[in-house]
């Protein structure tokens, strides 16, 4: 474990806590894409398949349970909790996210480190996570103004993978034979997808204005 | 033998 990875995990944890806080306290999921949340459930479900078979550390298992539990409960809230579900704008959140999964599974079957069920599933979850934010960013373009919590959620979610990139660079230079091109490239693509959001988020913060992405 | 390399990152 290194400081970059810890910062990444804490930023990721903060993003799901911000979203849970928003949904649980103000009972609103306005501006939040259910499609992205559903993709994240699949990302965690396919990435942590080995949660009971391979033990890395208490920290690792605990965080996996937290990410699994939070992503499932966010989807549950947005789908089945009456008050929250009412604030979900279904008309705007129309990204066909199931179509995102197909290329990811095909790519995972073609490009992976080992052709085993667990490894292909794990690689699929990496590719899927790289594009999971797309429905949320599309929704953001459509809903004119978004509230601070949703903006912070997206900012933290994008930032965590940025810390992971620093972690991979650090591990590359400190651990011999630590080379994982698949992880590095999909992590880089994932972070780059946030580039324009980061730009407009920074502008809104600098000019102290509401965050608005250009249509 | 290289032990089963499990993924140690989240």
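A Cβ is built for glycine as well, from the same backbone N, Cα and C atoms used for every other residue.
Curation plays no part in TrEMBL annotations; they are all automatic predictions.
In TrEMBL this protein carries:
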type     : residues  : note
TRANSMEM : A:55-77   : transmembrane segment
TRANSMEM : A:98-115  : transmembrane segment
TRANSMEM : A:121-140 : transmembrane segment
TRANSMEM : A:152-170 : transmembrane segment
TRANSMEM : A:182-202 : transmembrane segment
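Within the chain, the transmembrane segment (A:152-170) has long-range Cβ neighbours (under 8 A, six or more residues past its boundaries) at 2, 4-5, 7-9, 11-12, 14-15, 18-19, 22, 32, 133, 136-137, 140, 180, 183-184, 187-188, 190-191, 193-194, 197-198, 201. Sequence-distant contacts of the transmembrane segment (A:55-77), counting only residues of its own chain at least 6 positions beyond either end whose CB sits under 8 Å from a CB of the stretch, comprise 1, 9, 12-13, 16-17, 19-20, 23-24, 29, 34, 37-38, 40-41, 43-45, 48, 84.
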